[in-house]
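Novice: Starting off with a structure, shown below.
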Amino acid sequence: MQGDPDVLRLLNEQLTSELTAINQYFLHSKMQENWGFTELAERTRVESFDEMRHAEAITDRILLLDGLPNYQRIGSLRVGQTLREQFEADLAIEYEVMSRLKPGIIMCREKQDSTSAVLLEKIVADEEEHIDYLETQLALMGQLGEELYSAQCVSRPPS
């Protein structure tokens with residue numbers, strides 16, 4: 001089934017964002033684990049896997065539309081050296097994604113591609129949850145201070 005070139009371009013742009021997020025979140029997860037924030041690291045790792053599921057769904061859609069998924073392009077990773085920097089970097093990716101997705105959904109509907117629009121709407125719902133989580137963590141960090149916030153995130157060995 002031949003897809004609209006504009007829809008395919010949008011889907012490949014979104015695929016690039018998902019591939020970038022997978023790598024950034026996974027690296028942040030491993031850094032958090034190394035710093036002793038194992039529960040936080042697990043949450044970040046799960047977010048990386050969520051982005052992988054998005055990439056898979058987008059890839060399937062591009063292939064169905066007789067397009068070629070571009071796995072050779074990836075955006076620059078923003079690697080945070082502190083928890084705050086990591087949350088801010090991850091939030092920046094999410095904001096960029098949302099600025100593309102919402103107009104993209106409208107464009108898909110205008111091009112009579114409701115299936116791609118629904119796929120992107122599902123991704124928006126997931127990204128909104130991640131944005132809420134990241135904004136909450138940054139707000140908590142602001143209220144508690146970075147040291148106290150970080151102390152709350154350290155995993156304690158089982159007793």
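Every residue gets a Cβ built from N, Cα and C, even glycine.
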Novice: Figure out which of Glu51, Glu56, Glu110, Glu147 sits with Glu94, Glu127, His130 in the Fe cation 2 site per Swiss-Prot.
Specialist: Glu51
Novice: Which residue of Glu18, Glu85, Glu88 does Swiss-Prot report at the same Fe cation 1 site as Glu51, His54, Glu127?
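Specialist: Candidate listed by Swiss-Prot for the same site: Glu18.
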Novice: List the same-chain residues at least 6 positions away in sequence whose Cβ sits under 8 Å from the Cβ of Met52 (heme b binding site), in sequence order, or say none.
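Specialist: Long-range Cβ contacts: Glu18, Ile22.
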Novice: With a radius of 8 angstroms around the mean position of the C-beta atoms of Glu18, Glu51, His54, Glu127, what other residues of the same chain does the Fe cation 1 site pick up?
Specialist: Gln14, Ser17, Ala21, Ile22, Asp50, Met52, Arg53, Ala55, Val97, Ile123, Asp126
Novice: Calculate the per-residue pLDDT averaged over the domain 'Ferritin-like diiron' (1-145) and state the result as an integer.
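Specialist: Average per-residue pLDDT within the domain 'Ferritin-like diiron' (1-145): 97.
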Novice: Within 10 Å of the Cβ of His54 (Fe cation 1 binding site), how many other Cβ atoms can you find? Include all protein chains, please.
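Specialist: The answer is 24 other Cβ atoms.
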Novice: Within 8 Å of the Cβ centroid of the Fe cation 2 site residues Glu51, Glu94, Glu127, His130, which other residues of the same chain have their Cβ?
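Specialist: For the Fe cation 2 site, the extra neighbours are Ala21, Glu47, Asp50, Asp90, Ile93, Val97, Asp126, Glu129, Ile131.
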